[in-house]
Structures are given as C-alpha cells and as structure tokens.
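Peer 1: My questions will all concern the structure given below.
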Amino acid sequence: MAFHNRRWNFTFSCCVVVLLLPLVAARPQQPSAATRVHEEYSTFRVENTEWTFNHLAVDHRNGNVYLGAVNRIYKLSPGLDIQVSHQTGPDEDNRNCYPPRIVQPCSEPLTLTNNVNKMLLMDYRENRLLACGSLYQGICKLLRLDDLFKLGEPFHKKEHYLSGVNESGSVFGVIVSYGDASPDKLFVATAVDGRPEYFPTISSRKLTRNSEEDGMFAYVFHDEFVASMIKIPSDTFTVVPDFDIYYVYGFSSGNFVYFLTLQPEMGGGPTTGSSSAGREQVYTSKLVRLCKDDTAFNSYVEVPLGCVKGGVEYRLLQAAYLSKAGTILARSLGIGPDDDILYAVFSKGQKRRPKESSQESALCVFTLKEINERIKDRLQSCYKGEGTLDLAWLKVKDISCSSALLTIDDNFCGLDMNAPLGVSEMVRGIPLFSESKDKMTSVIAYVYKNHSLAFVGTRGGRLKKIRVDGPTYGALQYETIQVVDNGPILRDMAFSSDQHFLYVMSESQLTRVPVEACEQYSSCNECLGSGDPHCGWCVLHSMCTRKEKCERSSEPRRFASNIKQCVRLSVHPNNISVSQYSVMLVLEAHNVPELSAGVNCTFEDLAEMDGLVEGNRITCSSPAEKEVPRIIVDQGDHQIVQLYLKSKETGLAFANTSFVFYNCSVHKSCLSCVGSPYQCHWCKYRHTCTHDPSSCSFQEGRVKQPEECPQLLPADRILVPVNVVKPITLRAKNLPQPQSGQRGYECVLTIQGVEQRVPALRFNSSSVQCQNTSYMYDGMEMSSLPVDLTVIWNGDFSIDNPAQNKVHLYKCDARRESCGLCLKADPLFGCVWCKGENRCSLKQHCSYPQSMWLEHNGINSKCTHPRITKITPLRGPREGGTLVTIRGENLGLEFSEIKDHVKVADVECTPVPEGYIPAEQIVCEMGKAERSQFAGNVQVCVGECRPEFMAKSSKYYYFVIPQLLSLKPSRGPISGGTIVNITGGNLDAGSNVSIMFKDQKCTYQRRGGQWITCRSHASMQGYGNVSVSVYVDKAHIHKDLKFEYVEDPTITKLEPEWSIFSGNTPLTVSGTNLDIIHTPLIRAKYKNLETINICQVLSPTTMQCMAPELPYSISKHKDVPERPDEFGFILDNVQSVLALNNTNFVYYPNPVFEPLSVSGVQELKPGSPIILKGRNFLPPTPGGNGKLNYTVLIGDKPCALTVSDTQLLCESPNLTGRHKVLARVGGIEFSPGVVHITSDSPLSSTAVISIAGAGGLLIFFIVIVLIAYKRKSRESDLTLKRLQMQMDNLESRVALECKEAFAELQTDIHELTSDLDGAGIPFLDYRTYTMRVLFPGIEEHPVLRDLEVPGYRQEQVEKGLKLFGQLINNKVFLLSFIRTLESQRGFSMRDRGNVASLIMTVLQSKLEYATDVLKHLLSDLIDKNLESKNHPKLLLRRTESVAEKMLTNWFTFLLYKFLKECAGEPLFSLFCAIKQQMEKGPIDSITGEARYSLSEDKLIRQQIDYKTLVVNCMHPDNEKSPEVQVKVLNCDTVSQVKEKILDAIYKNVPYSHRPKASDMDLEWRQGRVVRVILQDEDVTTKIEADWKRLNMLSHYQVTDNAVVALVPKQVTAYNSVNNSTVSRTSASKYENMIKYTGSPDSLRSRTPMITPDLESGVKVWHLVKNHEHGDQKEGDRGSKMVSEIYLTRLLATKGTLQKFVDDLFETIFSTAHRGSALPLAIKYMFDFLDEQADKHNIHDPHVRHTWKSNCLPLRFWVNVIKNPQFVFDIHKSSITDACLSVVAQTFMDSCSTSEHRLGKDSPSNKLLYAKDIPSYKSWVERYYSDISKMPAISDQDMNAYLAEQSRMHMNEFNTMSSLSEIYSYIGKYTEEIVSALEQDDGARKQRLAYKLEQVVAFMSLES
C-alpha cells in the first residue's frame, strides 16, 4: 500500500513539474520608447507657483532660450525642452542689510527671501549670461551659456550692488560693444527704491573678460568729482517722497545709448505717498539719451514721449521695442527702410503706474531721427543761453542755460556745462492702433518682405498681430491668439533665431508661437484677405501657406499673393431644374495655372465627371438622373451646391462656384411659383408649378406673370356679426372656370382652429361669393375676431390671397357692459344700446322700438347716468398743478363733452386731452384753491349739467400743506449716488414731486406720507453745502435744508487679501471718508458674472465687509486658487473704487467635508472627540497664516475646535443620544452626518443566559463531529484499497499521453499561424460597441429609439425632460443627484451601473463636462477610500459606485479609435487562434469540455478516439459554385458540423449577417439521388440505460470526402430519403423516420445546450457523461486515466497560443505601437491619479501602480479580453470563453505588484503562465513609467480632443430617452433629492430644488 502511494505521488508530481518547466520560445522584443512629437505651440510652465518668470533672452546663434525666474535661471532648447536649471534662491536676507550679510554680519532680522531676476543679458563676446537678482542688494551672476556654470558672482564691492528693489520690470541693461580692441561696457539703469545714497539710477560699468576679476561692474570712470553715473538727489525725495525712475526699455543705436523711463512729475501735479492724502501721482514717460563714449555723463538728455489719438492722450509707457522701418512704413514716414524706429505702447492718461493704469492703450511709433533732431534743437537753443535745464528731479531749482559759441552736430556729446539737460516739449509719436478693453502690455516687431509687423501682448493674455503700414496706410490687426489663460503677457518677448517663431511669456508660462498660422485659412479670399503678409495661396494644392512651402510656386499663377490673383470661376447656365439631367455646362476660370494634367468637375459629394479643358474654358455635364439631389419641400425651392474644379495633378479641388438645383414643384401657389427667380411656370388647371410649360394641360392655363395669377383683390374690412346669416362677396381676377370633372368653389374660414367650409359661387373671373351662412366663435373675452379666409376650388386648389383678406367676426355685447362702451364701438359694427334690455346689441336684435335705442352719431346718442368709480390722488396742494385721474362709466364719447365740466372740491380741474379715454377715463389738472377750501367731491357733467348727465364721487378730495422737517444723511461723496431720505408731512400728496440740490436734480425714487427718497447726482459745483428744495406739483415747500458734498472715499488697504470660493469671510477695509457711505457694498466680477456682499462702517477710516462669493459655479469645484477679473466696492456712485487695480485679492478652494461614515452615523463614547475630515480647511495663503472661522454644532450645542488642513477636531459637549452634526464656515453649511453617543453598560442577565446556552450547543456539536469523522475514516481505507488496484492499469497510459502532448507542442504552432489569414476584422460600429459595454445583455435599449409617450402628454413630457436636461448639465445638481442616489439603501449595484451608463449617454455630446464631473467624483471616491481606513490599493478594484462605472464608460468612449486602429487586430487574432485550436480536437457539446484548453475546468480528462475528416460542402447560396472543403471530426455532432461549415463558407462575413445553423439542415448527398438529412437526435439515436447519446458523424458512418449541403430547414418529416428510384420496401434503416419536433437550437450559443429530457427522464450525453450524475458505473470511471495526467495538454495549448498572447500584451502595454500614439485619455487619467496621490501624500509606488492597474487594465482591458464580442461581430463559445478567462487572469496577475508564491497545490491557470508573468510585469512597469515621463496634456488640448470626440459621435443616442430613463430614479427618490438640494448651499443659490420640482410637475401632469 505504501508502495502504491509513492507511485501515485511520483506520477502526480511529474505532471506538476511539466507545467512549471519553462517553454522554449523566443522572447518578444522590447517596444521602443514613444517618440515625442514637437507641436508648434510648445509651452514651458513654472515648476513652482512662486517661481514666476521675469525675463527672457534668446541666443540668435543657435536658438537656445534663457529664462530668468524667481529663484531659477533656465536654459531651454528652441522647442522649450529644459536643458539646464540653475538655482539662484531663496536665501536668508534683509533688504536693509547694506552691505549684504554675505560681506559682513547684519543686525537686521533675516528671513528666507526669494531672488527675483531683474536683468538677463547675453554677453556674446565672452559666451556668458548676466543674471542679476534682487538678493543681497542686487548682485549679478555670470553664467556660462553652455551649461549655466557659474563663472563668477562679484559681491564684495559697492559697485557690485545694482539695486535692492525686487520689482522685475524696473531695471534695464544694455551691453555696448566697441570692437575687438576695447572691452564691452554695460549701461545699466535701475529704480533705487528711496535709497539713492547706495545706488545710482543710471551708470556705465566695465565688463572684464575674467568673470571673477575685481574690476567687474566697476564704473567706467570714477574720481572725486566725476563718475560714469547719475544719482537721484536727496532733495528730490523731500519734494516727492516716493520718487523713483522706472526703466522700461533700453537699446543702443549709432553713437548713443537710449533708455525709456516712467517717472513722477515734480512740478504742478500733486504728490504721492503719505503726503498726498489720497491724491494720485502724475507720471511722465521720457526717453533718456547718452553718448556711448561719454564717461562723465555730460551727454545726458531726457525728452518726454507721448501719443495722442482721437483727442485722447496716451502718456503712460508700458513697453517699447526698436526695429527697422521696412520699405512700406519708411515710405509713409519719410525715412529710409533701414532707419531705426521705436515702437511704444502707452496707456491712457498720466495717473497711476503701469500695473494700475487704464485699460485703454495705444501702439505708437517714433522715428529715432525725429527724436534726435528734437534733442539737437534743444541743445542748440540751450547753448545759445535760451531757457533753463528743465530737469526738475535732478536740479530741484531751475538753472538757466549757459551760452557758448560752438557747433552742435548730430553726434554732439555735451560739455560739463548745460548738463544734464531736459526737453520740456513732448515728442509726439504716430498712433497706429488703440485698444479700449484689453490693455496692451508688450511689443516686438520685425520686417517681412517690406512689411513692418508688430506683435503686441495684452493684459488678458492675448497676442495681437498687427501689420503696420504707417499713417498713410494705417495699421491692420490681422490676427489675435489667446496664449495665456490667466495673467498678462510680460514685456519680454523674443523671436526664434530663424524668426519663424515668437516666444511669449507670462508669469506662469513661456510659449513658442508661430509668427504665422496660414494653414487656418481655408480659402484664397480668407487667406489673402487676412492681411498676413506671410501668407499666400498655393492654387492647385488649395492651401494657404508661405511661398517657399508651395510646390512650383515660381511658375505662373501657381501661387497667389494678391487677392486679385485668386482663381475666379463662373458657370453657364448657373441653375437647372432637379428634373433636368446631364446638361452641358460651360465654366470660365480666371487666374488658373496651366491645367495640362486635366480637371474633374465635382458637385460636392453628389457626382464627379471629367472636364474638357480649352484654354480657360472647361466643359462638363451636370449629374445624371440617379445622382441629382432630391429637393425636400422644407428646404425651399432650391438647393445651392458647390461646383468644384479638381486638379488631376494634385487630386484637390482648387476652385469653386455656386450652382443651383431648383425645384418648381415645391411651390403650391401661383404667385410664389411665378415669383420664383427661376424658370417656373404655373399650370392653372392642374394647380402645379413646373419648369416645363409644355406640361400644362391647356395653352391658356399657363401662367408666367404674377398679374395673370388667379387671386383675390384687396377688400375693405369684411365685417360679419356672429349668428347672422349673410353672404360674403369678394373681388378677384383671373378666376379659372372649373373644367369638366372639376369641382366648384368653396370658402374656408378657420375659426379658432376649426375649419368651416361654405359653398361659393363664381360669378365671373373677377367675382366670387361665399353663400349665405352664419358664423360663431366661443367666449366673451374678444369683442371681434379676425378669421383667415381661403377660397378654394376643385376640392383643394386654393386661390392666392396676397392682400391677406380676413373676415372679422364680432359680437356687440362682448366687453361692452355699459352704454358708453357700446356707443364707443366701431360705427361699422352697427351696435346700439338697447335701453329696454340694458345691453349692447345689433339693431335687429333689440326687441324694443328705435326710440329705445342709443346709437353712435344718432339722434339720441348721449348716455345717461355717468358714474365715477375711482379717483387718484385723493390729496393735493392748494397751489394746484396736480393731475387727478378719474375712472368711471359713461364719461362722454367726445373730449368736448367734458372739456369744461370737471370740478374737484369746487375747484376747476382742466381736462388733459392726452389722458382722456372716451367713456372710461378723464385726467385733469387742478387749479389753485382758496385758503377757505379744504375738501370736496369730484363732479363731472357730460355735455350739460342735468341730473341724468351728472356724476359725483362718493369719496372726497382734500387740500393739504406738504411740510419738510429734516434730511438724512446730510452729506455724501462728490461723485453722487447717495440715497437721501427727506422727512416731513403730507409728502405723498399731489401727482408729481421733484427734489433739487441747488441747480441739480436729486433723482426721485419713492415716497410715503412722511418721507421722500432720492439719489444725489455728481456735484457740478465742487465741494461744499448746497440748498435742498422740494416741489410737489406747483407747490414749493420751503425749509432751510442743506446737503454737503465732500471728497470721495478712498480705499487704501484690504486685509486679508483672500477668501474662499463661497465668500462670507470677514475683511477689514481701511480708507478715508468711509463714514459718508451708508450702504457700502463689496463686489467681485468673474467670467462676466458679478456678486456683492454687505459692509459695515466702523469709523471714517475703517469698515468691516464680508467677502463676496466667486460668481462662477465651476470655480466652486476647482482645487486651484482663482483671481477675480474685477474686485472693488460699490460706494454710492464713486467710480474710482469700483475695480481696485492694485489689489492681489485671491480666492482659495472651499473647504470640503467628508461624511462621518458610510452610513452617515458615527458611534461614539462620551467625551470622545469628533473628527471631521476633508480638505482645504486651511487656505494656503502666503505666510501660511490663513484661518477661517469655523462653527461646529452637535445638536444645537457648539464645540471647541482644533483645525488642521485636513481635519477639524471637535471636543464633543457632554451629551448622549443621537445628534446631528452641522459645520459652518464662510457661506458654507454642511452636515457630515449624525453622532450616536452611547455610554458603556455591564452585561444583562439575558446576555449571560444566551452565552451559556450557546456554549452547551457548541460542546454537543463537537461530539457529533468526532463520531462522524471516525465513520468516514473507515470508508476512506476501503476506497484506498480500490485505488491501488487501478494504479497498475493507469501507469502504462501516462507515457503515451505525455508523448502525444509533446508532439502537438512541436508541430501545432506553424500550422496555426499559417491557417490564420488577414481577412477583414468584423468590428462593431461605435453605437453597438458602446451599448454592449454600457448595457451588457440588453439588445434594444430605450436610449436607441425615440421617446415613446402618449400623444396627449408628449408636449409636457418633452418640456419636462428639456428642463431636466438643463439640470443634468448643471454640475452642482448632477453631483448632488449622484451622491444622493448612492446614499440610498435601495439603490443597488445594478442601479449604480445603469445610472452611470445613462448619464454618459446624455453627456456623449459634452465630454468635456462629463470628464470634469468624472474627475470630481473620482476625487471624492479617493478621499472616501482613504478616510474609511481601507487599504489604498482597494481603490477602483470593484464597481461599487457610479464613478467607477462612469470611468469604464469614459474609457469605452475614448478608446474605440485605438481599438480599431491598433489593439483590435491582436485581440481578434488571439480569439481566432483559440477558436481554431479548440476545434481541432473534440469538444463535448453537452459539458463544453475540450481536448485542447487553457482551462482545467474545461479539459476532457480521458482518452477520446477521433479521426479528422474532410467534407465537401455545397455553397447554400449557389450550388453551382465550387465546393468548399471543411475539416471536421468524426466525433462531432451534426450541429457542430453545421457550425464548422458555416464558419468556412462565411469566413469573412460578420456573425450577425450569416445564416443560423438552427435554420439549416445538413444534407448528406450519396450519389445524385440519395440525400439524407442528418440530425443530432432522430429515431436512430442510441439509448443505453437512461443515457441517450447525440448522433455524431461516426454514428451515420460519414466517410472522408463525403459531399454535404446546408439546406433551409424542411417542414416535412426529417431524415426521409429523397430517392424516387428506391423501392418503398427498401430495407434502408433511414426510411420512414418520424418528424422530430424537439430539435434543439443547433448550438447557436455553442454552450452546453442539451438538457435531460424531463418527460422521459433520459439524460443526454456526447463524449463524456456528466460527472455531476452519480450513476456512472465503476467500470466507466475506471476506464479513465487519473485526470491530472491530461494537464499536460494545457501546456501544449498554451505553447501553441503563446505568440498571440504576447502580441496582445505587447500592444496594450506599449506607448507607441503599430503607428498609433498613446491615446490622450490614458495619459490624462494617469496624470490625474498621480495628482491625487501627490495631493494625499501617497508616495508608495505600489499604490500608484495599483491605482493605474485598477483604473485601466483591470477595468477596461480585462473586460474587452474576456468579452471580444463587445468589440467584434462574432460568437463566443463556452470553451473559448473559458480560455479567454485564463488569458484575462494572466493579464490581471501581470498588473499586480504582489508576489505570487506558487507550488504544486496552486491552480493550474496560475502555474500555466508562472514563468511569463515576471516578464509581463516588467512590461507593465515600463509602460507606466513611459507614460509618466511623457509631457503633460494641457486642459486646452484635452478639451479640444474631447470636443472632437463629442462632435464625431454626438447623435448616437436619443438624449430624450436617456433623460427619461434617468428621471425614473428621480421619481423613486424625489423627496431625498429635493432635500439634498435644499441643504446644498450652491444648489440653494441656483434654486435647483425649485427647478427640479418644476420638472416633476411637468412629468406628472396628466393632461
């Protein structure tokens, strides 16, 4: 027994060892790394938000770019790839340390200080870079250009300190070369920041060859009295404390060096700083000139510069650039093309520094020649002794010029007299271009082909391209590009070395922009009309490009550079009817090149035909009949089609013209037919419009002119009273006489939507009459109703009605309840007031005699008993002038009747004609009343003052005396806007009130009995008191009231300068005169939306405000700070504080709270702290001192808080029970859940009894188990003895099986790869593919069809769904909706997947928005996963949330193209290889087991004898075609054979397009006459015991090379012999078979499909009897080998398929494969996951690796590998499915980071690929690494890609149906969703709950 056990163990171990042996196979080559594609728009972004960019320099020799930033200097390639980074800071420093601490110790406190780059210059001579910073008083580094190696950093002399100012735009340097003989000099100019004793403002320095030499940066000349520098005198700071000179630009030209400056004015203007009391400093822009060789700076001259355009002065210099003039501009300026010109950008006015200046700006140009001439004139006049030196900042006192006899030429460099010198008169530049909204901030220019081109950057981040042709020709802005999303473009811009690109810089990014983008223009006119001189039209290539890029551009007319050279095309005829075909057309082409290669004529995508070229004339035909487009009625009577000429040389269309196909039959009326611009004729008797007049029935029936059309003529108003029988006679012309068989005329009146047909009589061709009838309309709301009238004949032939004649039905008694209203009606109506009936009616309807009528203009036409119903106002001043409005009945029909007959309180009241409404209203103006008159009623007489014509009011009118008491406030800003409240008495009297502040109105707003409010205007008289007057009608109310205009308030400081997106954080505002504003408001504007919040004034200099929220819903869900576009205050009408230009106010992301737990309830013990988790709890403010005011309530009790960035620690109050937790901060209120505080308690007696009982049961159970174990042991011993007897029989068969497996391993690879051909891959279309992934198993989903609702509800439902669609597109709503659903217990996993898929179908057309929502949900999911203490690796492992399914769907949408172009091919090859390899051996059709398998579960574990046959099959569609040879097995069932035959015949046909095997019969043809139908089961089927075996080919004894055919399934009995010559008494066993009615589907699913016959109890089997049946005989089992012996076949199959698995894995895990680049979606999502990991400080590479694996490979690729039917139109059998599952498991193991320890007990599918998985893992790791190294995808590029994907597939799903499906969840959880929206602050502000309730109302509406 022991011996047999050892033999068994040895045998089993051998098989396992075979599985673990490595395969002898060639290793796949490693894929090459992805090659980076350089796009034209390259961008280099800041590495750290604090390291903003300052300066830029480009090496014109090699194109390398050098970038000066805060704390860094970078060397970049021309394509902006970083090459070297050099650190310059930060370091410990204090700006008051002089000399700096690196020279000697400093007593000032040191802080870590950033180093701002202030100057970056290329020293070409010494191949080094000068980089000067703000640290240590402005020392400079000299860096080697090649590698930024520090050559020197002189810092120990005072000359080495340029300036301690840390503003990057305040210093400028110019290196001047003097040739090889002399060293270069550095001219440097800098602001000094109030420390002139340390730093000269301008100086010239030495540049030594040795970068470490002491003399580096020494002054060129320096002695006791003279030096090469100028300092600002200290006296200047006495006059202007904040004086400084800011240097904007510098350059050298000729013998001079020039600097452009901005400096405060000394005289005349108010001062700045603390002495200014809020006044604004006036600045002047000046140019400074120095001689290059002047060591004493005697040549220093400065001249003011400015620009005036349209009467507006532009004086604040922003940027400048020196360039050559160029031919065209030079001609306009009167200078040479190589002369220097200076471009300068100025902003409007002279107040404020450039950063705070006006948005209005101008680009101007100066000629250096004119500037130098002006300087020379000034020098000459000064040296004649004229005037003063005019340099107030340098010479505080005016110094007169000294006279000297000398000649001053163009190169005069001054003497030690009359120097330095200023020019007082401004040099005016020539304005070229102005901008009022987006301030220009930078400029650069160059000359291209004689054109001068300026490139201007703006504050809004745009680049403007301007062609400058001078004052004669003007300037043209021909293109604008948005380069930077936020922030201005900085002054420094530079061209690439070849001038093809421009480097544009902001604080956060450097971008390389092409100087031209010709390819954006798609037509010649656009191209040459754009104004870009770079661009021309390459004619035959039909593209806009530079000339050098156009092939053969030098040949005549191949390249157009002028718009007149564009190809022009005309065609004759230029229109034809849609019913004309193959008409010859003649095209004339102008400006075409030689066309010897030939042309085609193309009618868009409708037709194409050859053209015959004869010179510039081309002849071609119009489309043939089948190609002519059919014109739809809704599209009008014509369709314009573009007719193109296509060059046969290039294959491109190069010219086009419009061609019209017209369709006369569209016209349904004569006038529209003959009025058509095309050749349309009207057939009068056929009532049709045609292009062929010969088709009309009669010659006289043809109409071509409008005058000949049958038509109704204009008629007077046709009045018809209702319910009165009356004919309607109409004038007409050309009325046709109905012919034989045609019907007569009818009138059709459409009354309230209902047609009423009336017979009509044609008197002649010019008259028709609608016969006697009566008409009626519903309702009494309308006194008359215009009704459409149509005259028709012959049933539906309508007569044209060009005058739109209508019938006016009317009712006398509608809306005419009184006599006056009745008589006021239109006299043509014939209405009378029937006094007896006291109503308005027609005369004939009044049953009383005429004496009892009143009618308009009749003998008796005056209504009696007028009545007054209302009077306003009821009070007024005695002085009169009050307009009294009297409403009533019967108040006369003419103004003359009441003109002098109105009295109010016995005072004449003069009626006003403009206010009189006959019978209804009188407006009259009150006269002056006597003092004795106090009150009275209103009296009106109509015509005469007899009682029956007189009306008196029941209410009295009173005379009152208005009075004034006081006004408040009594002072306000000079700009106005103050709401003034005036108190008094009777101030609501009268009809009109006006308030005057001296001679100016105070705009009236509201009033009551004791108050009036008005808004003050800006004062025209200046500061001081003004008298206040009030007028009520003609009464002037006297009171000595004064209002004082005072100086406008100012804002000087704001603390803190930040808030959160939701606002409502307290801000302290400092300023002046704040107490004069009674309702101050603070405002923010962002993305064109404005929000405001309240402020409270505390003192004249202080107020407290609550920050407004950032008014843009998307910003609330961002995780990056945002700056508002405008931030300021609404202080009455003070404009200067409306938008503060000097604030750096920033908004940080809102704090985000997480739920306390998944259930929302957290269990706590008393005294335990409550921890609220989230993020952004501490805004990342500069200095790190940003704190928010949090309030946390437990129930209604606050708790003490400790705050960190991600946690709020709340010391819970002494409470027990359940309490809601509520957190408040800023404008946010959030409840993270409920805490349940429970105290500990000892075990109850019940619990003790329960525990004791459970213990007793456990002991009893253990005893029972021991007894059972003993009995089982005995049975095992007996079984073991039986096994030993079988071992000897099995041993001999092991060797044979292993030998066969090895042979298959060596021979099958070649056979399989040769069988697979490159047939077309049956990809599913996009819609089917996405539906199978989104909604697996659902074939006809509602989202694929139109919404189906009952007709009566359609309109309401569609309205509701449109509103619902708007809500889904609101991010606040959608996120709240998803979160609410996920929090519901009844919301199942299936529901989550369904909702995610439905949302993605709705958002298919808005993938940018869908991506944003997905990122937000994933971010939430990550936060929740980490906070729930789950292991981070579990993230995205399963699909338990909407976000996870949305992620799958997102990849499904975006990877379709990649599947089709790249990954689909190896996946399809693998599927085919598996299918083919499986079918080479037996497959059990019942169990699905196979001889060849990768899955142990689907392996036939016994020896099956089989033989391969070849059958010749007739093609079912064409029996005459050659027979198809098909390999089958003699052990195949009939259904399996049918499937193999169909596979062979329809090899390249998608599975859904080929016949079903179940619809076909297999016919075995024996000779010409005998045909036997084969079946899986028939009367010959063998049944043994209770087992029935399916028929196989061996059962029917089918031989090799047998002829078979697939024929449609017959309805007669199966398996009958078709042999007319065989005797009916034949003994054939196939005769007289009964019809089989239970035939199964012939393995359409190819899964085990035949189940036991339930009626007979017979079990069906094929090759192996199912192991689940326990009645197998012992002998049957004994005939099998030990099943594990056959595991070697797994290895053989694996070896055969290895190449295909490797190909698939290599394709998926390569960043570039088969010519396809990595899909953007993968890079974008992986970067997002990395960002999230960084955010949560997760640096474990295994976690990051696992996140990415769970995100893409395990979520998308595994699904696709296991289910290739999602991608291809194929069928997947159960054995193929099992094999693919093994491949998928291997794929999953390859993505795992954990080590798999394998042994003999491990699953076979793990052992199978154990040796390959380490290699696959390395592929995955390299793949993730390569992706992380690739350049990040910008949001702009990703959004463009997503928009394109949306556009391509935007109509795949029915949005209405999708919305309807989503709405079903609204219906289920309405209350919960509405509640969540009401609790969400953002949703409340947008009233989303209300909008949802509107949707619910529409959707639930029943009628």
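Backbone N, Cα and C atoms are what each Cβ position is placed from, and that goes for glycine too.
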Peer 1: With reference to Swiss-Prot, specify which of the listed residues Cys518, Cys524, Cys527, Cys620 is paired with Cys566 by a disulfide.
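Peer 2: Record-based pairing for Cys566: Cys524.
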Peer 1: From Asn9, Asn575, pick the one Swiss-Prot annotates as N-linked glycosylation site?
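Peer 2: Record lookup in Swiss-Prot returns N-linked glycosylation site for Asn575.
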Peer 1: Swiss-Prot annotates one residue of Asn1214, Asn1619 as N-linked glycosylation site; which residue is it?
Peer 2: Asn1214
Peer 1: Labelled N-linked glycosylation site in Swiss-Prot - which residue from Asn981, Asn1618 would that be?
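Peer 2: So the answer, going by Swiss-Prot, is Asn981.
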Peer 1: Among Cys401, Cys413, find the residue that Swiss-Prot gives as the disulfide bond partner of Cys382.
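Peer 2: Disulfide pairing in Swiss-Prot: Cys382 with Cys401.
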Peer 1: Taking Cys364 as one end of a disulfide recorded in Swiss-Prot, give the other end from among Cys291, Cys307.
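Peer 2: Going by Swiss-Prot, Cys364 is disulfide-bonded to Cys307.
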Peer 1: Would you pick out, from the disulfide-bonded residues Cys518, Cys550, Cys601, the residue whose Cβ has the largest number of other Cβ atoms within 10 Å?
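Peer 2: Neighbour-count leader: Cys601.
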Peer 1: Which of these disulfide-bonded residues has the least crowded Cβ, counting other Cβ atoms within 10 Å: Cys106, Cys140, Cys382, Cys401, Cys535?
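Peer 2: Among the disulfide-bonded residues Cys106, Cys140, Cys382, Cys401, Cys535, the sparsest Cβ neighbourhood within 10 Å belongs to Cys106.
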Peer 1: For Cys382 (disulfide bond), name the DSSP secondary structure in the helix/strand/coil scheme.
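Peer 2: Where Cys382 (disulfide bond) sits, the three-state DSSP reduction gives helix.
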Peer 1: Can you grab the distance from Cys132 (disulfide bond) over to Cys538 (disulfide bond)? Cα atoms, rounded to a whole Å.
Peer 2: 48
Peer 1: In whole Å, how far is Cys620 (disulfide bond) from Asn600 (N-linked glycosylation site) when you measure between their Cα atoms?
Peer 2: 8
Peer 1: For Cys132 (disulfide bond), what is the secondary structure by DSSP, using just helix, strand and coil?
Peer 2: strand
Peer 1: Identify, in sequence order, the residues in the chain of Cys524 (disulfide bond) that are 6 or more apart from it along the sequence and have a CB within less than 8 Å of its CB; answer 'none' if there are none.
Peer 2: Trp537, Val539, Cys544, Ala560, Ile563, Cys566, Val567
Peer 1: With every protein chain in view, what's the tally of Cβ atoms within 10 Å of the Cβ of Cys291 (disulfide bond), excluding that atom itself?
Peer 2: 20
Peer 1: From the recorded positions Asn166, Cys620, Asn764, pick the residue whose C-alpha lies nearest to the C-alpha of Cys97 (disulfide bond).
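Peer 2: Sorting the recorded positions by distance from Cys97 (disulfide bond), the top entry is Asn166.
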Peer 1: Give the distance between the Cα atoms of Cys527 (disulfide bond) and Cys140 (disulfide bond), rounded to the nearest whole Å.
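Peer 2: For Cys527 (disulfide bond) versus Cys140 (disulfide bond), the Cα atoms are 48 Å apart.
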Peer 1: Cα of Cys538 (disulfide bond) to Cα of Cys401 (disulfide bond): how many Å, rounded?
Peer 2: 64
Peer 1: In three-state terms from DSSP, label Cys364 (disulfide bond) for me.
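Peer 2: Cys364 (disulfide bond) sits in a strand per DSSP.
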Peer 1: Write out how many residues of the domain 'IPT/TIG 1' (866-960) are helix, how many strand and how many coil, based on DSSP.
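Peer 2: Within the domain 'IPT/TIG 1' (866-960) the tally stands at 10 helix, 51 strand, 34 coil.
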Peer 1: In whole Å, note down how far the CA of Asn450 (N-linked glycosylation site) lies from the CA of Cys364 (disulfide bond).
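Peer 2: It is 19 Å, counting Cα to Cα.
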Peer 1: Please report the number of other Cβ atoms within 10 Å of the Cβ of Asn600 (N-linked glycosylation site).
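Peer 2: That number is 17.
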Peer 1: Please work out the number of neighbouring Cβ atoms within 10 Å of the Cβ of Cys527 (disulfide bond), leaving out its own Cβ.
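Peer 2: For Cys527 (disulfide bond), the 10 Å Cβ neighbour count is 24.
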Peer 1: When you tally the Cβ atoms that lie within 10 Å of each candidate's Cβ, which of the disulfide-bonded residues (Cys97, Cys132, Cys566, Cys620) has the highest tally?
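Peer 2: Output for this query is Cys132.
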